[in-house]
Amino acid sequence: MLDLLFQNPLSFIIFAVLLLVVITIHEFSHALSADRLGDPTPKLSGRLTLNPFSHLDPIGTFLFLLAGFGWGKPVPFDPFNLKHPKKDAALISFAGPSSNLIMAVLASIFLRFLVNSPNITINFFVSDLFVSFIRINILLAVFNLIPVHPLDGFKVVAGLLPEKYYH
């Protein structure tokens with residue numbers, strides 16, 4: 001990724017901004033779902049916000065920009081505050097990747113509308129921006145759904161396991 005900074009600084013800045021938006025919404029979705037399921041921990045820790053700086057992990061963000069691989073700051077939640085700890089933890093974990101899939105679908109629909117609209121002409125820059133946004137969201141969703149600890153997919157699968165295999 002760092003080579004993109006020197007080859008095409010504008011593309012690097014656009015990628016960084018898109019990544020900032022995507023990670024923020026992903027982590028906010030975890031916080032919002034935990035809050036809606038009865039756990040005040042994300043709100044009390046200042047994570048129930050769309051402020052990107054609340055959701056960025058300094059090392060994870062640096063690595064994203066340097067190598068194209070990194071992470072956001074995980075949203076804390078307390079399963080003891082949830083009515084159905086196992087199921088609700090799986091839902092909280094699924095909220096991040098599902099927000100990425102929703103953003104990708106909405107951006108795809110909007111791009112399709114723009115491209116097919118006879119009264120609107122979009123330039124390559126705008127279409128490339130949408131395609132990059134869609135790709136980042138799909139990649140983040142798919143990667144996070146891999147069932148390996150500490151990724152979201154691990155917690156989703158754990159929530160689906162029978163009780164005797166859960167712990």
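Glycine residues also receive a Cβ, built from the backbone N, Cα and C atoms like all the rest.
What TrEMBL says about a protein is an automatic prediction, not a curated fact.
In TrEMBL this protein carries:
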TRANSMEM  12-32  transmembrane segment
TRANSMEM  53-71  transmembrane segment
TRANSMEM  91-115  transmembrane segment
TRANSMEM  122-146  transmembrane segment
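Among 53-71, 91-115, 122-146, 91-115 has the largest number of CB pairs under 8 A with the transmembrane segment (12-32).
Sequence-distant contacts of the transmembrane segment (91-115), counting only residues of its own chain at least 6 positions beyond either end whose CB sits under 8 Å from a CB of the stretch, comprise 22, 25-30, 32-34, 37, 39, 75, 77, 122, 126-127, 130-131, 133-134, 137-138, 140-142, 144-145, 152-156, 159.
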